[in-house]
Amino acid sequence: MYENLKKRSTGSVTIQRPVAMISHEDSPADKDSLRRKARRLYTWDEIPEWQRDNEHILTGYVGETKSSWECFKSLFYLHNESINIYSHLMPGIAFFFILFFNKFAITKFETTSFIDYFMIDLFFVGAFTCLTLSSIFHCLKNHSLSVATFGNKLDYLGIVVLIVNSMISIMYYGFHESPSLFYFFTVVTCSFGLACAVVSMKERFRTREWRPYRAALFVAFGLSAVLPIIAGSIHYGFSELYLRIQVKWVLLGGIFYIVGAVLYGMRFPEKCSPGRFDIWGHSHQLFHILVVVAALCHLNGLIKSYDLVHLKMAMAPASSPSIDTFN
């Protein structure tokens, strides 16, 4: 920027005057410099207090932009939120398109009804909502304090929607012949979800000090799925329920989700080596990836539960006494 300096002497003092400072138009080099500056990444010590969330991530921060357009442009260069954005954006787009092609996602039986498509779509809507709100938040979180605060609330709300929709969809097939149990645990699940949503809207909840409690709250919400499993085991027997709701896939998804939340709460692995995992491999990224894996496990279990219910209905003798079902 200070090229071609012109000098003039006044006695023994030499005064330097940069030509660029008096130029009426920025040179191409100056414009390129400004563009590079707009994409400059900051360190933990350089960002404002409201942007500070994880003191073990030392570099790679996008500075406060106060511009949605600048936030959008950050999609096209690498920083410490890039993996957080794309790890949920791409699967979210995939779930969105599957939502409109669900007839190809499941086997169609003669007994397949609107409610089957509704329940499976309920899961897709939950997954799409969670992943999309998450990616939007991580893209816009460097905009300003107000935008980051609002986006953070939507991020947690998306997690609540995913858990609620996932549990309701699988419980429908688990309690297919017992609507009263399905309705009861749907109310219980929605109540837990509403409580989590209300707490998530509190300003104090999003502070760094409450990070472990945030993780614990959503782990507890996820573990509430044990309640319908216990009730179903008493009602049908564990072996039958194991098949009805594909317990192995539900538990596997829960394990991935809980491990991700624990890593997020503990800030592992970056806590062990601050600065080493700034761009790749820090706890929030691992949490995001494990949430997607958990969602895929749940989807697999949901499809298998759907298949089992309709195979049983197809094999049932025509003379069998009618049972109280949703269809």
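Placed from the backbone N, Cα and C atoms, the Cβ positions cover glycine too.
Any TrEMBL annotation is an automated prediction that lacks curation.
Feature annotation from TrEMBL assigns Zn(2+) binding site to His138, His284, His288. According to DSSP, His284 (Zn(2+) binding site) is assigned to a helical segment. Cβ-based neighbour count (10 Å, all protein chains) for His284 (Zn(2+) binding site) stands at 22.
Nonlocal intrachain contacts for the transmembrane segment (83-102), taken as residues 6+ away from its ends with a CB within less than 8 angstroms of a stretch CB, comprise 75, 117, 120-121, 124-125, 127-128, 130-132, 134-135, 138-139, 279-280, 284-285, 288-289, 291-292, 295. Sequence annotations record features per position, and here TrEMBL assigns transmembrane segment to 83-102 (among others).
Taken from TrEMBL, the feature transmembrane segment applies to 114-133 (among others).
Feature annotation from TrEMBL assigns transmembrane segment to 154-175 (among others).
Annotation source TrEMBL lists transmembrane segment at 181-201 (among others).
For the transmembrane segment (213-237), same-chain residues at least 6 beyond its ends with a Cβ under 8 Å from one of its own Cβ atoms are 156, 159-160, 163, 167, 171, 174-175, 178, 181, 185, 188-189, 192-193, 196, 199, 205-206, 244-245, 247, 250, 254, 257-258, 261-262, 264-265. Feature annotation from TrEMBL assigns transmembrane segment to 213-237 (among others).
Annotated transmembrane segment per TrEMBL: 249-266 (among others), in sequence order.
The transmembrane segment annotation in TrEMBL covers 286-303 (among others).
Within the same chain, residues 153, 156-157, 160-161, 163-164, 167-168, 171-172, 174-175, 217-218, 221, 224, 227-228, 231-232, 235, 326 sit at least 6 positions outside the transmembrane segment (181-201) and bring their C-beta atoms closer than 8 Å to a C-beta of that stretch.
Within its own chain, the transmembrane segment (154-175) is flanked in space by residues 115, 119-120, 122-123, 125-127, 129-134, 136-138, 181-182, 185-186, 189-190, 193, 196-197, 200-201, 205-206, 214, 218, 221-222, 224-225, 228, 232, 241, 244-246, 250, 295, 298, 301-302, 305-306, 308-309, 326, which lie at least six positions past its ends and keep a Cβ under 8 Å from the stretch.
Proximity of His288 (Zn(2+) binding site) to non-local residues of its own chain (separation of 6 or more, Cβ distance below 8 Å) is seen for Ile83, Asn84, Ser87, His88, Ser134, Gly260, given in sequence order. For His138 (Zn(2+) binding site), the same-chain residues lying six or more positions away in sequence with a CB closer than 8 A to its CB are Glu81, Asn84, Ile85, His88, Asp155. In sequence order, Glu81, Ile83, Asn84, Ile85, Ser87, His88, Ser134, Gln285, Phe287 are the same-chain residues whose CB sits within 8 A of the CB centroid of His138, His284, His288, the residues recorded for Zn(2+) being left out.
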